[in-house]
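Copied over from TrEMBL:
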ACT_SITE  Ser60  active site, acyl-ester intermediate
ACT_SITE  Lys63  active site, proton acceptor
ACT_SITE  Ser120  active site
BINDING   Lys231  substrate binding site
DOMAIN    288-376  domain 'Peptidase S11 D-Ala-D-Ala carboxypeptidase A C-terminal'
Amino acid sequence: MKKRFGAIFVLLVLLFNLTSFDIYSNQNIDRYIKAGILMDEDSGRIVYEYNIHDQVAIASLTKMMTFLVALEAIRNNEVSKHDTVTISQNAARLRGSTYNLRTGEEVELIELLKALMIVSGNDAAVAIAEHIAGTESNFVQLMNNKAREIGMYKTVFFNSHGLPIYKMDDRIENLSSAKDLSILVKYLLDNYREETLSVTSIKTYSNPKRNFERSNTNPLMSIFPEVDGIKTGYTGLAGYCLAFTLNVKSEDKNDRDFRLIGLVLGSGNQKERLAGSKNLLEYGRDNFIKTKILSKHEYISTRYLFGSNELPVDLISEEEIWVFKGKDENLNTEIKLNDLSFPVRKNDVIGTLTFTSENGEILGSVNLISNTEIKWIPIKIQLELLKKSFLRLFAR
C-alpha cells in the first residue's frame, strides 16, 4: 500500500515580464461594423470581439445552416449529392440573388449546393429544403434543431434563405449573433471541411448546361488568395455581412499553419464591409502565430521523494504543446503537483503544467510525468526517515 506524503503545490511562474496585450478591441474594425468576431478555428480562441452576443438579422448568412443540414443529410444517406431535384414553383418564384431556376426544371443537388454558397441563390435554398424535408417549413425545423444542438442559443430561423418575411405590418428576419455564427462556421470546418471548402473556394461558378456563370460573392477572395470561404449576406435590416475563413501559412520552422474564422455584421455598405473584414483579416494574419512552446518529454523540474536529496524525481512533459497566441503576447504558467508517493514508476503522472493568457484564459495544458523510477529505498535513508518520524512523534 502506498504511503502519501506532502501536499499539493501550486507554483505560479511568469514566462516573460508581463505587458499589456489588448486583443479584444480595434477601432480600425469597430467603426465599420455593428458586430464582429475573429477566432482560431483549431482552439476556438477568440482574439477579436465586438458586440458578439447581440442578436441581429443575418440575411444570407442563413445559408450556412442550410448548407450544413444538407451535408448532414448526404452523410446520413438520406439523400445523395447526385440526386436530381425537380424545382417547384415555390422555389422558382424567389427573387433577390438567384440561380435563375425555373418551375419543373431538374437540377443535380450538388449544383444547387454550389449555387447556394457561391452565388447565394435564394431559389436554390428552397429547392434544397424541399428536396430534403418535403417542405421548407419542415427543413427550417431541422435548421433550428441543429442550432440548438451545437450551442447557437441566440439563433432562430424562419426560412432557408434569409430574405425578409412580410406579414401585414411585420417584417420577420432570421436572427443570430456573431458568436453563434462563429460556432456554426467552426462546426462546418471541424466536421465537413473538405465538403465546405471545395465549394466555397470556387471563385467563379459556371454551369454550361444552364448557361450560367457568376463570380463568388465573397469580396475578400479577389484581394487575398488564401481566403477560401465562406458566405456573404445583405438585407436592409441586416446590413452587409460576411463570414470568412483563411489558412495562414507559418513563417518559422517552430510555428504551424493556422486557420482563422472571421465575421463582420451590419456594415452600412459594401465598402465598409470590405474595409472591416479586410482589417480584421490582416489583424489576425499579421499579429498571431501558432507556435510550439513545449516539446514532448522536455525537462520541467525535479522533486524529491520524502524531501530527500538522495531520492530525486525528474518531471518531464508527457506531450508537446502548441498554442495560438499573439506574436508579442506574454503567457503565464501554472504547475500543480500531486502528492509524491512511493514507489515511483517511470511515466507516473505527478502533476500538470498549464499555460494561460494574461487574462487567465487557458491556452494549453499537459501532464507532468516522472522520468525516474524508484523501486527501493537504501537502508541508510530508511533509517534517517525512521529517525525523523520518531523525533516528530516525541516532539508532540
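The backbone N, Cα and C atoms fix where each Cβ goes, and this holds for glycine too.
For the domain 'Peptidase S11 D-Ala-D-Ala carboxypeptidase A C-terminal' (288-376), the predicted model reports an average pLDDT of 90. DSSP assigns Ser60 (active site, acyl-ester intermediate) to a helical segment in the three-state reduction.
Counting other C-beta atoms within 10 Å of each candidate's C-beta, the recorded positions Ser120, Lys231 are led by Lys231. The DSSP secondary structure for Ser120 (active site) is coil.
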